[in-house]
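Trainee: Sequence annotations record features per position, and here TrEMBL assigns transmembrane segment to 37-57, 222-242, 254-272, 284-307, 319-338, 358-378, 390-412, 485-505, 690-708, 741-766, 787-810, 816-843 (among others). Per TrEMBL, the feature domain 'SSD' maps to 255-412.
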Amino acid sequence: SADDASPSGDYKPPGRLRPPVSAAFGRLGRAVGRHRWPFLLLPLLLSGGLGAGFYFLGALETSDVERDFTPVDGAAKAEREEVRRLFRRGENFSTLRLDTEGAFAALIVTGPPDLLQPGAFQQLLDLDAQVRSIRTEDSRSNFSSLCERTHGACAPNAALQAFNYNASEVATKYVTFPTNDGVFLGQAIGGVTLGADGRQLDSAQAVRLFYFVRENESESAAWLDAVFLIFLKVLVSYFTSISREEEFKSSSKSVIPFFSITYFLAITISIISCLRMDCVRTKVWVAVFGVLSAGLAVLSSFGLLLLCGMPFSMTVATSPFLILGIGVDDMFIMISCWQKTKVKNEVEERMADTYKDAAVSITITTLTDVLAFYIGLLTPFRSVQSFCTYTGTALLFCYFYNITFFGAFLALNGKREEANRHWLTCSVVPSPEEVISSIHDAPREQSKCSSCNVGGAYDPDTGTEEEIPCNYFFKKVYGPFLMNNLTKAFVVLLYAGYLAASIYGCLQIKEGIDLKNLATDGSYVSSYYDNEDKYFSEYGPNVMLIITDKNFQYWNEIARHNLTSCINEFEKSEMVQNGAIISWLRAYVAYGNTASLNLTDERVFLQNLPPFLQVSGFSPDVNISGGTILASRMFIQTVNVSTALDEKNMLNFMRQTALSCHSELAVELMVYHPAFIYYDQYAVIVTNTIQNIVVATLTMLVISLLLIPNPLCSLWVTFAIASVIVGVAGFMAFWDVNLDSISMINLIICIGFSVDFSAHISYAFVSSQEKTANEKAIEALYRLGYPVMQGALSTIAGVVVLAAAPSYIFRTFFKIMFLVILFGAAHGIVFIPVFLTFFGACAKNHVEDEQEKQQNNLQMQPTVGQSTQPSTQVSALNYKFHLQLNPDCP
């Protein structure tokens, strides 16, 4: 039927949805060709209106690290709410009992070999006085008016308090480490040397000073900003509780200059791809408007979502680079389909044929990519959800603008070509036929080149624009070379090495995002984290052990024995410091023994507990109501938690031990520390990534089966998706990229690009009417080799500038996108063509089956002289599938 034929006369094997989609697009193309200006101007007006949403960008831009990079439903967040419910905030501030990180400024002072010398310690005291004197910009508040208080005074610095804020006592006072007079010094003094007894603190290479202020107050935030401005000029490592958020903001702003470079590259590559020696057929302005169309898609989609109040995470800043690459690819498809139409037809008819030819191509490209991103909404990380929402919506707008705005300009350009006008001056120029008729003795090729003001050439045999020679490289040179038996053997060995390296890399991959990587290169935050790792990595979080059972009998010796056994299970781990537990119950039992109290008696236990708690300072750790202990908590000190793997193992050990205490010793325990909010990512990152990949892959298969109904092709699509994802995941480990919410985004992208690069090579192979498997592979490469390279280059051009970005997040985006495109293209033009030839017997397609069936039927006919010629429907199997990578794309 007419709907099943392309403008060039090639047969299109009908997919289940192809005929109605093609017919609808044909009608749309005719409408765009007829009403060019409305289709050109209305998207511009729509973009202008929706672009107003950028007014709300500042209000919706999120820089909360906890919100964006921790699981929405993380267990630690529920545990934090339970801690807040069970324990009230005490009158005296205690970092040990914080349910959040708190609001603070921290300074790490290094330099002298030993800071515990009177002169160096005096400098620490002077620095402390300087910090306490800092006032907010409006001079209304200083530290003493905003600080967290203990016993009526600002909470002291443990390192300075150990020597009573007196430099002269440094040389004389006996200070033990890591605990001195009940105060833990492991997070305040680092790089220590101990005395002969293994306890006395002799020297220290680093001292960390903490300054806690009241949370959730604007004046506190203003004071922290003032600290930041002061210490920009002082040689100390410093950090505040809002530093990550501030660096988060500056990181996203650091890539803004790269947008202009990216668009320049995209326009340049597009123009070069569309350049022709023919001054009429060259499509410079079409290329420019194709890039503009992608830019309008970003403006409209982002503006719409901002108008709807969608939060804008920093990860979204990478989206325009990706949208540009994908949008340019769709532009190439549209141009390719236009070039295959009859140049002598009316513009409206050419537009109808162009849209009919491009319908399935750009539709399936959009469906696979958009669905891959919207499936990413299943992730529990808001940074990923934000990126996927903005990018998926931008791709929909990109699709819409390609078939309206860009199509309208393509039609206007068609009118120019129809009138044989110069691409730059728009003046009418002579066609080659006119030159030939005036210069009878000159051959056609010479006459075409005799003047730069000659244009409008076309192939008289097909009636379409002349085909470029690049495709023939794949047919005459690369294809036969790849099909050589020695080359095939090398490709198999190469793939085996690729797969082995990929699997090994997957086994080495690290999980979780390092918070240091959220800062830009050279940031003061990076310096602080480096010094923290160097001097303060020996001691980890001080973890709460919370007894949540209100029926637990603390006075019962058996119950206390079970609790002691449980605590011993924690202390057996090499990640927990033995004997460093802070327990109100142990202190109370010791007090009872001293005071000769019978604490095994319930009445005595409960009667003497409140005054003990009040005097000892343990009051915030026990929740007593109506003579019942509703909950209580103790603290254990972790050690040797310096890497992401250590953090993951420590969290898992703590929670598993708490569960075993409940099941084996009837002690209901919950463990918590504010850092667990960030550690929770380790519990979900792998399983969630696998879930998203599996769901997206199955969705891609469904779409492939609907629009490319060939089971063998679907199997190769599955193989390519799995192979590319394994390769990207493995090699990103070699490139120092962790599996975190940032790389999860890119692994989702893998799926869409894997489909783009693989489905059409394999389908072109199984659809080829060539006789041998090698010939089928060569023909597939002839049709798709150059478009694969072109699509890969245009996408890489969209993200290559991010390689120079001063931010881990944006460099990671480039690294993984580079791997995706590299491995996807390698599968498309190297691995899959070779592997398909090994299954040549399986490549007998439905058309060949139809040929055999018809010939068998003809042989069974008794009528003599009946024609044995196959039907015209069967004879035209020359299939060209233009999804994402079009074989004739300029």
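Just so you know, the numbers here start at 1 and follow the chain as drawn.
Every residue gets a Cβ built from N, Cα and C, even glycine.
Describe each of these features in terms of where it is and what it packs against.
Mentor: Here the transmembrane segment (319-338) has Cβ contacts under 8 Å with residues 7, 258-259, 262-263, 266, 269-270, 273-274, 283, 286-287, 290-291, 293-295, 297-298, 350, 353-355, 357-358, 361-362, 365-366, 369, 387, 390-391, 394-395, 398-399, 402, 406-407, 410, 414, 749, 756, 787, 790-791, 794-799, 801-802, 813, 817, 882-890 of the same chain, all six or more residues outside its ends.
For the transmembrane segment (358-378), the residues of the chain that approach it from at least six positions outside its boundaries are 15, 17-18, 21-22, 24-26, 326, 329-330, 333-334, 337, 384-385, 387-389, 391-392, 395-396, 398-399, 402-403, 688, 691-692, 695-696, 699-700, 703, 707-708, 744-745, 748-749, 751-752, 755-756, 881-884, 886, judged by C-beta separation under 8 angstroms.
With a threshold of 8 Å between CB atoms, the same-chain residues lying at least 6 positions outside the transmembrane segment (787-810) that come near it are 251, 254-255, 258, 261-262, 265-266, 269-270, 273, 314-315, 317-318, 321-326, 328-329, 332, 336, 517-518, 520-522, 742, 753, 756-757, 761, 817-818, 821-822, 824-825, 828-829, 884-889.
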Trainee: Could you check whether the transmembrane segment (37-57) packs against the transmembrane segment (390-412) - three or more CB pairs closer than 8 Å, residues at least 6 apart in sequence?
Mentor: yes
Trainee: For the transmembrane segment (485-505), name the stretch out of 254-272, 284-307, 390-412, 741-766, 816-843 with the most CB-CB pairs under 8 Å.
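Mentor: Checked against 254-272, 284-307, 390-412, 741-766, 816-843; highest Cβ contact count belongs to 816-843.
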Trainee: Does the transmembrane segment (284-307) reach the transmembrane segment (741-766) with at least 3 CB pairs under 8 A, where each pair is 6 or more residues apart?
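Mentor: No, these stretches are not in contact.
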Trainee: Sequence-remote contacts (6 or more beyond its ends) of the transmembrane segment (222-242), Cβ cut-off under 8 Å?
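Mentor: Result: 101-111, 127, 130-131, 134-138, 141-143, 146, 211, 213, 524-525, 527-532.
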